[in-house]
Amino acid sequence: MKEFNLPLFMKVKPDALKELKDNLDLYFPDVIGKRILILTTDGLLQMLEKKVTLMLSQLKDYEVVTVESSSYDYAVSIAKKISMEGVRMIIGFGGGTALDTAKYAAFVANVPYIAIPTALSNDGVCSPVSVLFSKGNRTHSFTSKTPDGLLIDTDIVLKSPRLLQEAGVGDVISNYTALYDWELDCKYNHGQPNDFAYMLSERAVNALLYSNIKSFTSPEGVKMLAQSLVLGGLAMQIAGSSRPCSGSDHLFCHALDELFDHGLPHGIVVGIGTIGAAWLQKRDYRMLLEFLKEYGIDINPKHRGITEVMFVRAWLFAREVRKERYTVLNNMEMMPKRMREDMFKELYALMCRI
């Protein structure tokens with residue numbers, strides 16, 4: 001029987017940071033007064049000085065460390081520091097760089113991990129995966145620790161760049177196409193289904209698609225987005241893989257990352273990949289477009305700086321990123337390359353008319 005490590009608490013509200021001590025006292029009494037390591041990124045402490053002061057005032061013995069690089073080697077060095085210096089808990093305060101480093105270090109050192117995200121740009125806030133730079137300066141996904149608790153202060157999130165929240169929405173809607181690809185894997189490639197993980201992932205995307213709140217500029221909108229991202233992360237934890245939230249949509253994103261320096265947030269590229277994947281799956285991509293339009297999210301690849309050459313090359317290469325992952329792209333393996341190129345050019349032209 002599988003065992004799952006799920007969060008003990010999740011607070012999404014204004015001034016959520018005020019509740020740090022109360023939750024530590026309630027769920028981690030053994031950590032009270034013990035050494036805690038806080039990982040963050042450069043400039044964030046100054047930018048959010050009042051919130052940081054509030055957080056630190058609730059702790060006794062702590063050390064703040066600025067993450068030097070989002071790399072595997074650096075995360076391992078933090079894990080060594082935790083083990084050698086008697087650190088009893090790690091808190092990640094920031095975006096993907098701080099959180100991915102913190103949760104991998106917590107996984108290796110086997111200590112509790114609390115996530116305090118300052119933006120909601122992807123489901124990494126609660127996923128059991130860290131994306132870190134490794135050999136050849138390429139990113140790799142590493143099994144990590146799901147947060148033991150989350151504090152999401154809506155005051156902080158609402159001050160983060162809008163582009164990051166748009167990316168969070170893009171990451172959530174990819175569940176729509178990822179679940180379809182997972183079904184294909186189970187049907188044609190002996191993939192292993194998990195009904196509960198499927199339900200959580202579906203619930204995550206439907207909560208956004210069919211909500212009356214079509215905005216993330218209010219505490220209510222932030223809470224809705226946070227809950228969807230967390231549900232996606234929990235779905236991956238239960239499935240034991242990223243299949244509930246990652247299919248051909250993410251393969252397109254990873255391919256674009258490997259081939260080009262585009263500078264776009266993960267969720268924006270995934271959102272573009274999701275529209276493309278839905279079209280390839282012959283499903284209702286227009287419904288997704290209407291949803292994104294209601295949010296004011298521009299998914300036109302040309303507007304995002306992705307040229308036709310970049311778009312076509314990424315889709316052609318996507319199948320090679322993770323050959324073991326069965327998706328709708330496998331259905332095109334027998335097509336001549338020229339035919340696939342023409343198809344992806346047609347898709348690019350379609351998406352540029354959006």
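Note that Cβ sites are derived from N, Cα and C of the backbone, with glycine treated the same way.
Please treat TrEMBL annotations as automatic predictions, because they have not gone through curation.
Binding of glycerol is annotated in TrEMBL for D123, H250, H266; the matching candidate from D73, D171, D195, D298 at the same site is D171.
S127 is the residue from S83, S127 that TrEMBL records in the NAD(+) site together with G96, T97, A98, L99, D100, T118, A119, L120, S121. The binding-site residues considered are A98, A119; of these, A119 has the fewest other C-beta atoms within 10 angstroms of its C-beta. H250 (glycerol binding site): 27 other CB atoms within 10 A of its CB, across all protein chains. Considering only the binding-site residues D171, H250, H266, D100 (NAD(+) binding site) has H266 as its nearest partner by CA-CA distance. Cα-Cα distance from H250 (glycerol binding site) to S121 (NAD(+) binding site): 15 Å (rounded to the nearest whole number).
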